[in-house]
């Protein structure tokens with residue numbers, strides 16, 4: 001019958017038989033096996049046989065963590081034997097015995113099947129053995145007895161086999177603070193939620209300096225003990241998806257927390273107590289959520305509003321000393337629409353996973369989901385409790401992103417009421433049997449915002465098409481508008497005249513000419529500043545130079561026979577008539593034409609008008625040469641201003657004529673002397689005829 005049972009086992013699952021079998025977990029890719037009573041002395045005359053299978057095409061490697069078998073009779077009655085294959089066709093790989101036997105390396109099979117036999121004869125000592133196995137692609141396999149002190153690297157990766165939660169090993173510490181260096185690496189990995197005890201897995205270990213005190217906690221059915229100071233500790237590198245999802249913080253609103261029933265009761269004072277579902281927030285002061293009826297059909301449901309990656313759950317009891325209520329075992333269901341529910345199972349397992357809950361009402365107990373759950377609706381179904389169903393919870397996880405691997409947990413098959421859970425006591429088996437059929441649970445209450453989330457994949461594909469099209473359309477429109485505007489401007493320039501704009505006409509240019517220098521045909525004159533203090537120190541020959549080089553704020557009429565140009569700041573009034581435009585002012589291409597400028601308006605007859613006196617100290621000069629005209633103030637005779645005769649931009653002074661040498665003017669009365677400049681008195685010219693003659697001569 002035992003052989004027939006072994007043949008009926010599915011591929012990838014091992015089996016054991018005999019009375020000498022100890023702790024055994026045989027997984028599809030890895031596992032752990034030990035002799036009975038290990039690490040204590042194994043009993044006499046016992047035998048156990050393990051048959052290990054992995055996927056076809058793979059090989060099995062076997063590694064011993066401890067080996068201590070009596071060899072007093074040279075492996076005749078007590079030994080460990082390893083075979084290639086299973087059944088009558090198997091072949092022996094080796095037979096081993098000895099106290100404290102150290103086996104270097106690994107024992108590797110030639111196929112995907114291995115048989116391990118343990119025989120214990122008459123002996124007085126010997127712990128037996130503990131061994132692990134995995135497929136040969138796990139080159140960094142370690143045993144359940146390895147701890148951090150066995151490795152010198154500050155950081156390393158190892159593969160932990162399934163079944164390393166063993167009763168004879170212990171750990172100290174918790175996440176995130178770290179684990180004491182004496183703790184079993186693989187067992188601490190299960191406690192931290194990095195690997196599964198039924199599947200095994202890869203761990204990434206980081207060694208750091210120890211701390212004085214290590215806390216204890218219960219997580220994933222592993223109890224961590226309080227530990228003292230150590231020289232070093234270790235932690236695990238993870239994906240980081242272990243944040244809280246909003247029960248404690250209040251991110252999940254009350255309306256999204258519902259339950260199958262609510263406990264209402266009145267105390268001795270007559271006050272009504274309602275333990276609502278929204279009270280089921282971890283670390284929230286006050287009463288918890290409690291079910292009105294304590295049976296296997298009760299549940300607490302949380303709506304996460306959208307799909308999340310759920311990696312774990314933390315639970316407590318009522319946290320009220322006068323109400324010693326807590327849930328000691330439960331299972332997890334999840335859904336995308338709150339209508340069709342799936343019970344959580346570990347990959348490759350045909351039974352629902354039963355999570356260990358609280359052992360008292362205060363302690364926080366954590367359980368992790370490996371692999372994680374991807375769902376929007378999350379439901380807790382209590383299976384075992386103390387006195388009443390009451391609990392507070394918090395969910396761990398992170399946002400779900402597209403591209404992740406799909407959920408691999410299989411939906412539960414129809415279960416028979418005669419199925420039994422062999423892992424629990426009779427009362428617990430009864431609660432499991434009555435709650436396996438999820439379609440018999442109470443109806444789902446009306447929940448807000450339970451609309452199924454639309455397909456994100458279709459939206460993303462649609463957006464991937466529309467966004468580039470819209471960008472191209474808007475870019476084309478912008479280019480068309482720019483080109484049209486540019487063409488319109490060019491068309492205007494082509495059809496328009498080449499005249500200067502209104503502000504560049506002759507009138508504007510005439511007003512601006514006073515700020516620009518003007519060049520004469522011969523030389524350029526600058527306005528003179530008449531300063532008696534400076535001229536008095538100059539020799540007679542230096543006076544004209546001084547008059548030409550000094551700049552003045554206002555132009556004055558040139559006297560003394562000096563021929564100059566009509567400066568822009570001149571006080572002469574130009575002739576009225578047609579004004580020359582900007583294009584007409586070309587001194588290079590236009591022929592030289594005579595331009596006649598009129599003097600300023602004639603002085604009024606009502607009163608004499610004198611020019612500004614030019615004071616010059618002549619005491620130091622005995623005589624003045626005839627070529628240097630006398631510098632004095634004169635009054636024009638008559639009512640008509642003398643005309644001006646000259647060529648392009650030439651201006652003739654009143655005394656610059658054929659008879660200019662004969663124009664005589666009175667000198668001031670009295671003798672010049674120092675300090676008498678302010679008292680000088682001028683007279684009118686002695687002979688008006690000279691001025692008149694000059695006028696007639698110029699006119700001729």
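Glycine too: its Cβ is placed from the backbone N, Cα and C atoms.
Curation plays no part in TrEMBL annotations; they are all automatic predictions.
TrEMBL tags one of the stretches 408-433, 434-459, 460-485 as transmembrane segment, and that stretch is 460-485. Of all the disulfide-bonded residues listed here (21, 48), the one with the fewest other CB atoms within 10 A of its own CB is 21. The DSSP breakdown of the domain 'LCCL' (138-234), given as helix, strand and coil counts, is 11 helix, 38 strand, 48 coil.
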